[in-house]
Amino acid sequence: MTVESFFGAVESLLVLETMLWLLAGVLVGIVIGALPGLGPPLGMAIILPLTLPLGEINAIILLVGVYSGSMYGGSIAAVLINTPGVSSSAATMFDGYPMSKQGRAATALSISATASAIGGLFTITALILFSPALIEMVLAVGTPERFLVAILGLAMITVVTRGSMAKGLLAGVAGLLVTTVGIAPMSLDQRYADTMYLYDGIDFVAVLIGLFAIAEMMKLAGQKGGIADADVTISWDGVAEGVRTTLKHPITLFKSANIGMIVGAIPGAGATVSNFVAYSEAVRSSDDPDSFGSGNEVGVIASESSNNGTVAGSLVPAISFGIPGSSSTAVLIGGLLMHGLQPGPSMFQPEGELQLTYAMLLALLVGNVVIIVFGLSMVTQLGYLTKLDTDYIIPMVVVLSFLGTYALRINPIDILTVIVFGIVGFYMVRYNYSVIAFVLGVVLGDIAEENLYTALQLSDGSFMIFVNPFEYGHWLAPILTFLIVAILFGPFVKRWVTTRLEASS
């Protein structure tokens, strides 16, 4: 029955009309992802009402195509104008944009397309083969594990910070403080929110756009010529170099894709968290960690591979239990319900909707092929944007940033947020404070706080829930706790052991 469902899905996907809807979804998604502040959830929400006249297969495949395409599309703006088209492309900026400034935009875009597509192809194939095991893993994840994953990400501040560790930690704490604005998750107290526009807190996307896009435009305002500091060479040689570079780092490629799939399967974590975890792991395991942030190709590979890997992982809780792993899968669940489909175990049962599930996964496979074909074919044209005079780029980016930010929540305070954090980002770079550490604090603060409260409620206030699986049944929690301790104290232990060995010899 499973084999019949699989081949039934293949047959339904090979219909010309269905393939055209998939192609349209991926291309629309790439455009939406490339526009600052929009991203997959908003793009899918806009498309959702338009799927009503379509059959269930075409409708769901169109939404899946938009989801996958926009995850890649975010890297285009990240590489070319230092603006996260989607929040999960934030880590791509750290090395992708410096590559553009060095005149290697074609290589960076090529790496992005190749790593994104391969990461997606690998994780979707793994999901098709190992979905039962992933479902069991999702069932084992509770609020203690979500809290610890957030703390694991925060612990990575010690890994990604270059220069003064004190400045890095201070930036991380400042990012955490930003997340305390608004209504407290459990007590419902108002914190630093004297206006109703701040009750929902400070929007993360607005912070990102301010920190990176506006801050960079302020910097470029005093620069003549294009974005690139070096002579820009736009050629197919750069495209080929990007593909070769990506394939030279298979360990980073597949490790990051796995991180994306696993973290993406944890409800509430999402692509932004997996993006930073994968990037931080690439820095930690590198022989030359100091080169990250200044145009290291491996940073782009790790970020983009995890991005599309997260798409596969986030589908597990969404399809299996109706639990959205991200905002995008929440919209996808809405699409399923709108077309009379109930997310749950029946989606993986041959007598249920297994054929539709296979069709969704196969559509993602084909979508990633479209991404690599479109991405590589458009690199040379997109790369010329780095040659445009900043007099044209700055107003365009600023207007798009403000429009995209406002469209996301229709909240005027977000415009002010973009301006304020644009100034903050400009001076953080000038005085060598870690912007990456600040962003990690902003990304993970809400996740950590909300899940800490919930976990302590489950344990009647006992922190033993994070280390004692025998009493509370959370077997992944002590493993994550060990990883956090290893990351925080491992370098000190290594230094101590090295010193003792040198002293004894």
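Even glycines carry a Cβ here, placed using N, Cα and C.
These features come from TrEMBL:
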- 19-440: domain 'DUF112' (DOMAIN)
- 20-38: transmembrane segment (TRANSMEM)
- 45-66: transmembrane segment (TRANSMEM)
- 72-94: transmembrane segment (TRANSMEM)
- 106-131: transmembrane segment (TRANSMEM)
- 137-161: transmembrane segment (TRANSMEM)
- 168-184: transmembrane segment (TRANSMEM)
- 196-215: transmembrane segment (TRANSMEM)
- 356-380: transmembrane segment (TRANSMEM)
- 392-408: transmembrane segment (TRANSMEM)
- 415-444: transmembrane segment (TRANSMEM)
- 472-493: transmembrane segment (TRANSMEM)
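Using the rule of three or more Cβ pairs under 8 Å, pairs at least 6 apart in sequence, the transmembrane segment (72-94) is in contact with the transmembrane segment (196-215). The transmembrane segment (356-380) shares the most Cβ pairs under 8 Å with 106-131, out of the stretches 45-66, 106-131, 415-444, 472-493.
Taking every recorded stretch in 20-38, 45-66, 168-184, 196-215 and counting its Cβ pairs under 8 Å to the transmembrane segment (415-444), the highest total belongs to 196-215. Against the transmembrane segment (392-408), the recorded stretches 20-38, 45-66, 196-215, 472-493 differ in Cβ pairs under 8 Å, and the greatest number is found for 20-38.
At the 8 Å Cβ cutoff, the transmembrane segment (20-38) and the transmembrane segment (168-184) share fewer than 3 close pairs (sequence separation 6 or more) and do not count as touching. Tertiary neighbourhood of the transmembrane segment (45-66): same-chain residues 12-13, 17-18, 21-26, 28-29, 32, 331-332, 334-336, 338-341, 356, 359-360, 363-364, 367, selected by CB-CB distance under 8 Å and a gap of 6+ residues from either end. Only residues 6 or more beyond the boundaries of the transmembrane segment (196-215), in the same chain, are considered here, and those with a CB under 8 A from a CB of the stretch are 36-37, 39, 81-84, 87, 90, 93, 178-179, 181-183, 190, 272, 397-398, 401, 404-405, 408-409, 411-415, 417-426, 428-429, 435, 438-439, 442-443, 446.
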